[in-house]
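What TrEMBL says about this one:
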TOPO_DOM  1-63  topological domain 'Lumenal'
REGION    1-27  region 'Disordered'
INTRAMEM  64-84  intramembrane segment
TRANSMEM  64-82  transmembrane segment
TOPO_DOM  85-96  topological domain 'Lumenal'
TRANSMEM  102-120  transmembrane segment
TOPO_DOM  118-144  topological domain 'Cytoplasmic'
TRANSMEM  140-162  transmembrane segment
BINDING   Ala149, Val150, Gly151  S-adenosyl-L-methionine binding site
TOPO_DOM  166-208  topological domain 'Lumenal'
TRANSMEM  169-189  transmembrane segment
TRANSMEM  209-230  transmembrane segment
Amino acid sequence: MAGRPGPGSGRREEEEEAAAAAAAAGGGRPFPRECCEGLGGLDYGQVDVTAMARLFGYVDVTDAGFLAAVVSIAFNPLFWNVVARWEHKTRALSRVFGSPHAACYCLGAVILMLNCVRSHCFTEAMKSQPKLEGLDCHWAYYSGLAILAVGTLFVISSFLALGFTGTFLGDYFGILMEAKVTCFPFSVLDNPMYWGSTAVYLGWSLMHASPAGLLLTAVVAISYTIAMLYEG
């Protein structure tokens, strides 16, 4: 019946009194039970959304240029993995181009062009959105330059260690290297080409003091991580 205490009401009152006494002893403030029973008791008018509003003030994720950059970043590793796996199963490209080497060089050229498109979209997305004042300074610029230089070193040294066919998925075309590459930069970290490329975008973003660039760099890192899991 309404107004009739339930069988556990006495115990509940005792628990609440004990919690209040413990909070008072510790100099704290007792919390109502509703805080543990959901979010219905929260006053959303007191939530500080300044940081979120500031972020979206710098990065417009609905901007056409930003979306084009995201699509190009996600598309590239998907494209070369799908095409390479298809070639490995069917040898269709090798038959069309007359040899595995010619097919691999053709795919490598397409990947390079797609990477140029991705870099262009990335840069245009940064240029179309505002800078972050806190990063628009000399220390951030030179830090970004140093990161970009390290990333470029990893990318170029990886290419020199693997060669063209080793870099551009030659193993899927049956073009195998004589031995596993263990020299620099592979002696320092796994997948230096991917992480070097990510570092290049990170450095480029810092040099432009671009929050949009930093967010797109995170998309690059996520895309490459998924690609590494898939390739592994």
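Here the Cβ of each residue, glycine as well, is placed from N, Cα and C on the backbone.
Note that TrEMBL annotation is computational and uncurated.
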For the topological domain 'Lumenal' (85-96), the DSSP residue counts stand at 11 helix, 0 strand, 1 coil
Note on S-adenosyl-L-methionine: the CB centroid of Ala149, Val150, Gly151 has further same-chain residues inside 8 Å, namely Ala146, Ile147, Leu148, Thr152, Leu153, Phe154, Gly196, Ala199, Val200, Gly203
With contact taken as 3 or more Cβ pairs under 8 angstroms (pairs 6 or more apart in sequence), are the transmembrane segment (209-230) and the transmembrane segment (102-120) in contact? no
When the binding-site residues Ala149, Val150 are compared by other Cβ atoms within 10 Å, fewest goes to Ala149
Cβ-Cβ distance under 8 Å, sequence separation of 6 or more, same chain as Gly151 (S-adenosyl-L-methionine binding site); the residues meeting this, in order, are Trp195, Gly196, Ser197, Thr198, Ala199, Val200, Tyr201, Leu202, Gly203
Given the transmembrane segment (64-82), its same-chain partners at Cβ distance under 8 Å and 6+ residues beyond its ends are 107, 111, 114-115, 117-118, 121-122, 124-125, 128-129, 168-169, 212, 216, 219-220, 223-224, 226-227, 230-231
DSSP composition of the topological domain 'Lumenal' (166-208), residue counts helix/strand/coil, works out to 22 helix, 0 strand, 21 coil
Sequence-distant contacts of the topological domain 'Lumenal' (85-96), meaning Cβ under 8 Å and at least 6 residues beyond its ends, amount to 103, 106-107, 172-174
